[in-house]
Structures are given as structure tokens and as C-alpha cells.
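Beneath this line is the structure, given in C-alpha cells, with notes to follow.
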Number of protein chains: 2
Amino acid sequence: MPVFLNANAPDFEASFTALLSAKREEAVDVDDTVAAIIADVRARGDAAVIELTAKFDRLDLTPETLAFSRAEIAAEIAKVPSEERAALELAAARIRAYHDRQRPEDARWTDATGAELGWRWGPVAAAGLYVPGGLASYPSSVLMNAIPAQVAGVERLVICAPTPGGVVNPLVLLAAHIAGVDTVYRIGGAQAVAAMAYGTETIAPVDKITGPGNAYVAAAKRRVFGRVGIDMIAGPSEILVIADKDNDPEWIALDLLSQAEHDESAQSILITTDEGFGRAVAAAVDTRLETLERRAIAGPSWRDYGAVIVVEDLAQAAVLSDRIAPEHLELCVADPDALLAQIKHAGAVFLGQWTPEAIGDYAGGPNHVLPTARSARFSSGLSVLDFMKRTTLAKMTPEALRAIGPAAERLAISESLEAHGLSVRARLDKLNR
Amino acid sequence: MPVFLNANAPDFEASFTALLSAKREEAVDVDDTVAAIIADVRARGDAAVIELTAKFDRLDLTPETLAFSRAEIAAEIAKVPSEERAALELAAARIRAYHDRQRPEDARWTDATGAELGWRWGPVAAAGLYVPGGLASYPSSVLMNAIPAQVAGVERLVICAPTPGGVVNPLVLLAAHIAGVDTVYRIGGAQAVAAMAYGTETIAPVDKITGPGNAYVAAAKRRVFGRVGIDMIAGPSEILVIADKDNDPEWIALDLLSQAEHDESAQSILITTDEGFGRAVAAAVDTRLETLERRAIAGPSWRDYGAVIVVEDLAQAAVLSDRIAPEHLELCVADPDALLAQIKHAGAVFLGQWTPEAIGDYAGGPNHVLPTARSARFSSGLSVLDFMKRTTLAKMTPEALRAIGPAAERLAISESLEAHGLSVRARLDKLNR
């Protein structure tokens with residue numbers, strides 16, 4: 001049984017703070033191991049990657065077989081039933097349509113001094129996507145990472161996807177194919193991250209690495225950050241549902257369980273204005289947990305980190321929601337847009353009872369790579385912008401320099417940066433001659 | 001004398017690669033010290049901050065004097081000569097006008113299925129700006145950090161600016177005042193970063209920390225990343241000037257020195273199509289270094305990391321420039337826009353000979369916090385976006401769910417996420433009933 005709180009109870013603040021600060025993930029210290037792996041890959045390239053893959057993934061590779069061949073990809077893809085292929089294609093089309101709108105605009109203008117100012121966006125030249133193996137090998141994540149990179153205009157896009165024991169997920173290869181990624185290396189772990197960041201004889205280095213992974217992958221991404229760009233380091237998944245009593249308890253129970261089934265550390269919270277409804281949802285969760293395939297995962301998640309919070313009104317729900325700053329937020333209320341207007345911090349919002357969070361995981365259009373662990377306070381989900389960078393532009397005319405230069409010179413002098421000031425002064429002197 | 005290279009010489013590739021990979025910064029390992037400081041501030045709050053400030057900055061504070069009072073700020077600001085105030089105000093107005101244009105737009109649309117999709121941008125609730133003390137205490141950096149945050153709509157903005165030995169830079173307080181920041185704590189180092197990230201009895205925690213700092217500050221920012229957002233970890237400054245022979249060698253020499261004078265680890269590179277011009281610039285640098293106030297800094301920077309590279313034509317210059325991916329790039333050529341079109345990776349570009357880089361440091365309008373160490377390949381200068389985050393939105397109708405839901409359900413099943421699929425199926429069943 002998860003915690004059942006009433007927001008107006010005298011001990012609520014203490015219980016809510018405890019809920020917010022619950023440490024849901026064991027910090028596994030793999031940093032030394034990862035540092036050694038990265039150093040090894042930098043020093044020995046392919047040979048290190050191949051040895052580490054044999055050791056960790058029980059798979060013997062050669063430089064020639066690090067990547068899947070076109071024939072291998074075609075053979076694997078052919079195994080996918082047409083219904084699944086159609087579903088992936090529909091999802092890809094919707095994700096592409098959404099992300100197409102995120103392409104940022106360049107700007108260039110001339111101000112009153114005659115100075116031309118602006119900026120220009122451009123894609124990173126090369127990006128590498130990490131796709132975990134085993135249980136967390138999600139083809140949907142391939143689409144969510146690769147399509148924004150493609151829309152951004154990234155020229156070279158590669159995937160690293162470990163195949164422990166040689167077991168391949170054909171759907172991952174199909175998703176890569178649909179997203180237009182031809183190069184898929186069957187390597188994983190810190191060695192894959194190191195190979196993408198520093199390059200080997202066979203694997204060309206990339207500029208940006210994205211995608212989820214285990215503790216080794218996360219530690220490796222942290223270490224190569226700076227050498228290359230990375231996306232966020234994601235924590236366990238979370239959902240907050242705000243629901244009034246006019247909902248089907250079974251639907252809300254399934255929405256809560258759809259996060260809980262990801263991970264024993266996932267967190268599912270319901271905030272409701274109706275205690276009876278809250279109890280009905282909790283009962284529906286319990287019933288469903290008796291039969292759910294992943295009950296061994298969803299059960300502990302719900303028991304250890306789940307919560308039902310009863311509030312006075314939706315305004316109070318909005319305040320609590322902002323303190324949680326959830327990764328996923330469902331607003332199952334009569335007027336979800338009115339409630340949305342009161343909410344400041346959330347990764348993705350699902351409006352109304354016809355929008356289960358799972359739609360967003362696959363085919364809604366928005367990205368499913370989202371900020372966890374309250375980081376929606378300061379960060380955003382993955383987008384086209386993550387695969388682009390902006391160059392600022394400035395072009396002075398003699399007249400503009402005459403207008404602006406003296407202030408720059410003055411500030412340079414006050415910061416004791418003589419050459420800065422002189423570089424402006426030399427030009428001003430020429431103008432005044 | 002810095003390296004003088006000809007891009008068509010047989011040994012050029014080796015020399016250029018050496019130049020690119022020169023390690024310009026000693027990695028000082030302060031991580032354990034910083035970890036202990038952060039733990040201390042988390043455990044003991046104000047008391048730890050006050051003790052550490054006494055120890056490192058030789059300054060005795062109380063919880064009441066951690067921040068400057070309004071009267072103290074007014075008294076310090078009154079010391080600033082009116083010419084400097086006017087220069088700061090002009091700079092602030094120009095920076096604000098530029099960043100005003102960076103405000104991102106919200107979006108909301110309905111697609112063919114009837115699904116409403118979109119996103120909404122919002123500011124982080126609170127941001128903390130770090131302003132170094134001593135030599136690197138630049139009022140211009142206060143403007144460059146605070147104004148984008150203000151334009152983003154950040155409600156609470158604080159500054160931490162150490163005052164070693166109690167020495168205050170009145171221009172820093174004036175810049176804060178002009179940028180509208182009222183709360184300035186006279187603390188620095190890892191303890192200031194920890195206080196902003198975790199909060200103390202007196203200092204409320206923030207959501208985002210930006211601003212430059214020494215090795216301790218950088219290590220602390222890396223450590224609190226995740227708890228709060230941070231900007232980049234900046235390395236030593238760099239400039240690349242691409243110039244044809246129709247430039248004044250003295251101007252270009254000053255532009256190169258205006259980076260070199262920042263730091264012995266700074267790097268200044270000239271790429272030119274004319275060897276004679278390159279030699280004239282090198283000679284002008286040498287002459288200027290005899291008298292430059294900061295010759296003890298600029299001299300080693302130019303000698304150890306400076307370079308003049310002679311190329312065949314501007315197309316070759318553009319290729320080399322992209323391999324450098326410079327923080328600052330000056331295009332001192334007849335048609336700078338034509339050359340710009342060939343360049344992909346740079347933090348900020350200064351077009352034409354009337355645009356010395358120093359203009360951009362102070363009063364051009366674009367931000368001077370820019371990606372260093374080749375990170376312009378994948379990252380951008382500071383902007384309004386760094387103080388905002390995006391929430392994605394999705395709202396299905398029954399019709400939209402009927403169109404999209406089956407694909408989502410199918411993919412959920414193929415990823416063995418039963419509850420995901422059931423949360424969609426339960427709604428579809430209701431529709432089909």
C-alpha cells in the first residue's frame with residue numbers, strides 16, 4: 001500500500017517533503033571502472049572495444065563485424081510482422097511532424113546605429129545514439145532520439161546497441177531504418193560511449209551523444225561531457241495524475257501502473273479532489289497488480305514510492321504539482337487547459353482523460369525523453385534544438401563603431417583589459433583622422 | 001614566437017593536429033576538497049558558509065551581512081564615475097535589445113486526427129549568478145548573465161560575488177543594479193555554489209546557476225549539476241581571425257592580443273591568405289608586447305599557444321576554421337558574409353574589419369559567454385533559452401485516440417509494457433462500446 005495523504009492534515013508537509021526527497025536510486029559507484037574503460041578505448045581503439053564486448057556481452061566481433069551489415073539489417077527487419085512495422089511507421093510520421101515544427105529560425109537585423117546583428121542555427125555534424133540492450137531495448141526510443149537529430153539536419157547519425165549473447169531486437173533495427181540510420185554498431189556500455197566520443201580505427205567520433213543507459217553508460221556520458229555534448233542523465237520515470245472524481249478509476253490505475261511497470265524505482269502519484277475516488281483508484285491498482293505481467297516490478301514501485309494525495313481543490317493540486325515538477329503530468333479534469341494555466345513546471349502534460357500518458361510514449365508526437373527527478377524546474381525534454389547550435393553574428397559599420405565603440409573602450413579600461421580597449425581605439429582613431 | 005604554419009606544407013597536418021590538441025589547462029584536481037565543502041554547506045548551512053568565507057576570503061560575516069545591504073550597495077554605486085555608468089547603461093540596453101529577440105514562442109495546433117499538440121515555454125523560478133572576485137571580476141559578465149535571465153522572466157535572481165579581504169568592485173554592484181538584481185551575497189568558491197544549489201537558513205536555493213569561476217567553482221558546478229541546472233564549464237578563451245592582406249596589421253595584432261591578455265592559457269590564431277601580411281601581424285604583436293600592461297599574461301599565451309597559418313584561399317581557411325570551431329571568429333575579409341556561408345562551427349562571428357571582437361565582449365549586443373575548447377561543434381553561447389524550459393503538450397479527442405491509439409497499444413505490447421497498452425485499450429474499448 002502506498003502512502004495516502006490528505007493535503008490538509010497537520011502532518012502533511014512532513015510527509016510530502018519525505019515523498020519529494022525519497023532517494024529512489026542506489027548510487028552505484030562505477031566511476032573508476034568507467035574511467036579505466038574509457039582510457040583503454042582511447043589507447044587501443046577497436047581492440048579494446050572488441051575485448052570489452054567479448055567480456056561483457058559474450059560476443060566475439062572483429063573490426064569488420066562491429067557494425068551490422070546491410071544484409072544483416074535487411075534480414076532482421078524482414079522478421080518484423082507487418083502490424084508492428086505499420087505501428088512504428090505511424091509513430092515515426094507523427095514524431096517527425098511534431099519535431100518539424102521545432103526547427104528554430106535564424107535572425108538578422110540592422111539596429112539604429114547601423115550595426116547588423118543576428119544569429120544562425122546549424123546542426124551538429126555527427127551524433128551517436130545509445131540504445132540499451134535487454135529489457136530496456138525500446139524501439140520507440142530509437143525514433144525519439146533519431147528523428148529530432150534528422151530533423152535538425154545532422155549529417156552522420158550512428159547507433160550503438162549492444163546485443164548481449166548476440167541476441168538482436170529486430171524492432172530496434174527496423175526503427176533505426178525507418179528513422180534513416182544506416183550504421184548500427186553492436187556494442188554497448190562505457191566502451192560504446194568512449195568509442196563514439198573519441199573514435200577508433202573503425203568508428204568515427206561524433207559531436208553529440210544521446211540516449212538512455214545503465215549506470216556505466218550514464219557515468220561514461222558524464223565523463224565524456226565537454227569532449228562531446230550529451231543529453232540529460234535520466235533518472236527513474238515518474239508520473240503525476242491530477243484527477244477529479246469524474247474519471248474511471250480503472251483508467252487512472254492503468255496510467256499509474258504504466259510508469260510503475262518501467263522500474264522498481266519509478267514513481268506514480270495521484271492527486272485528487274475526491275478521497276473516495278482516490279481510494280477507488282488505489283483499489284483498482286491493487287486488483288490489477290494481482291495479474292499484471294510486470295507485477296514484480298510495478299508492485300514494489302507502487303508500494304515503495306507511489307502516493308495518493310487528497311486536496312481541497314485544483315489550485316492546491318497545481319501548487320503541489322509544481323513542487324513535484326513531474327516528468328509526466330496527466331490532467332484528468334473537466335477543464336484541463338484552465339488547470340494547465342496554473343502549472344509552471346512539468347516535462348510533458350497530457351490534457352484530459354482521453355490522453356493516457358502511454359500515447360506520449362509512442363505516437364502522440366512530442367518526445368518521450370523528458371526531465372526526471374524534479375529537473376523539469378530547469379530543463380526540457382529532448383528536441384531538435386539538442387542537435388543544433390547557434391552562432392551569434394555582429395557586423396559593425398564605421399558609424400556603428402563610432403556610436404558603440406567608446407562605451408566598449410571605457411569598459412575595457414575599467415576591467416584593465418588594455419588590448420581590448422586599444423583594438424577599438426585603433427579603429428576609432430582611423431575614423432577620426 | 002608562436003608557430004607559423006603553411007597549410008600546404010607537407011608537415012602541416014601534424015602541426016595543425018598538435019595545435020588543436022594542445023592541452024592548454026592544467027587539470028587541477030580539487031574534486032575531493034569541493035565534495036567536502038558541499039557536504040559541509042549542506043549539513044551546516046550558514047555556519048559553514050561563514051567559516052569557509054573567513055578561511056578563504058579573510059572576511060568575517062554573519063547571517064545578516066552575507067548579503068550587501070541596500071545602503072551598502074548605494075554607497076558603492078555612488079563611487080562609480082558617470083562615464084563608466086553611462087558605458088554600462090549603453091551596454092545593458094544593447095544586450096537587452098538583442099536578447100529580447102531570443103524569447104521563444106509557444107505553439108499549439110490541431111492535427112488531422114483532431115489531436116491538439118504543442119509546447120509552452122516558461123522561465124526557471126530562480127537563478128543564481130556567480131561573479132568571480134579579484135582579477136576576473138568583470139562587470140560586463142554580470143550584464144551578460146543577468147540580462148538573459150531577466151528577459152526570460154526569472155522571478156528571483158541573486159548574485160554571489162566574493163570580496164576577498166573585503167575588497168568590493170563597485171562596478172560589479174552597479175552592473176547588478178542596472179540589470180535589476182538586488183540581492184548580492186559576498187561569498188564565493190564552492191561554498192557559494194553549494195549555498196545556491198541547496199540553500200541555507202539565509203540563502204534560498206535556486207534552480208539554475210551560471211557564471212564563470214576558478215577550478216573550485218567549476219568542480220562545484222559539475223557536482224551540483226542535476227540538483228540544479230548549470231551553464232557550460234568554460235575553458236580558456238580563444239580567438240581565430242581570418243584576414244586577407246587588406247587589413248591593418250596593427251588592428252589584427254590588437255585583436256589577437258585582446259584574447260591573449262585574458263589568460264596565459266588563452267589561444268589566438270590568425271589564418272591569412274598572405275604570408276607577408278601574416279609576418280607583419282606577428283611583428284606588430286611582438287612590438288605591442290613590449291609595452292602592453294598585461295604582457296606578462298599575453299606574452300606566454302601568444303608564445304605558447306598562438307599561431308599564424310598561411311592558406312591558399314579562403315575556402316581552405318573555412319575548412320580549418322571548422323576544425324578549430326573557435327569561440328570567437330573574426331572575418332576580416334572583403335566579403336565576410338560569403339565566407340560566413342562556408343563556416344559551420346563557431347560561437348560568435350564578427351564580420352568585417354570594423355568589428356573587433358572586443359565590441360562583442362561589451363556592447364555589441366550578443367552574449368559574450370561562449371563555447372570554448374571546440375565545443376562550438378555542439379553547443380551555443382548563453383541565451384534567454386538557458387533560463388527557460390519547455391513543457392510539451394498533447395490532448396487527444398476520442399477520434400484522435402481511435403486513430404492513434406491502436407499503434408501505441410501495438411508498440412507497448414511489442415516492448416512488453418502491458419499496462420501501457422492496457423491504458424490505451426481501456427479507453428478504446430469504451431469508445432467501441
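Placed from the backbone N, Cα and C atoms, the Cβ positions cover glycine too.
TrEMBL names B:Gln259, B:His262, B:His328, B:Asp361, B:Glu415, B:His420 for binding substrate. Of B:Ser237, B:Ser375, B:Ser379, B:Ser380, the residue it gives for the same site is B:Ser237.
Proximity to chain A (CB-CB distance below 8 Å) holds for B:Glu415, B:His420 among the recorded positions B:Glu327, B:Glu415, B:His420. Neighbours of B:Glu327 (active site, proton acceptor) among the binding-site residues B:Gln191, B:Asn214, B:His262, B:His420, defined as a Cα within 10 Å of its Cα, are absent: none qualifies. In this structure, the C-alpha atom of B:Asp361 (substrate binding site) lies 18 angstrom from that of B:Tyr130 (NAD(+) binding site). Considering only the binding-site residues B:Tyr130, B:Gln191, B:Asn214, no residue lies within 10 A of B:Ser237 (substrate binding site) on a C-alpha to C-alpha basis. Around B:Gln191 (NAD(+) binding site), the C-beta neighbours below 8 angstroms that are at least 6 residues distant in the chain are B:Ile37, B:Asp40, B:Val41, B:Ala48, B:Val49, B:Leu52, B:Thr53, B:Phe56. Counted within 10 Å of its Cβ, the other Cβ atoms near B:His328 (active site, proton acceptor) come to 26, all protein chains included. Around the Cβ of B:Gln259 (substrate binding site), the number of neighbouring Cβ atoms within 10 Å comes to 31. Sequence-distant neighbours of B:His262 (substrate binding site) (same chain, 6+ apart, CB under 8 A from its CB) are B:Pro236, B:Ser237, B:Ile297, B:Ser301. Taking every pair among B:Ser237, B:Gln259, B:His262, B:His328, B:Asp361, B:Glu415, B:His420, the residues recorded as binding substrate, the greatest CA to CA distance is 55 Å. B:His420 (substrate binding site) counts 29 other C-beta atoms within 10 Å of its own C-beta, drawing on all protein chains shown.
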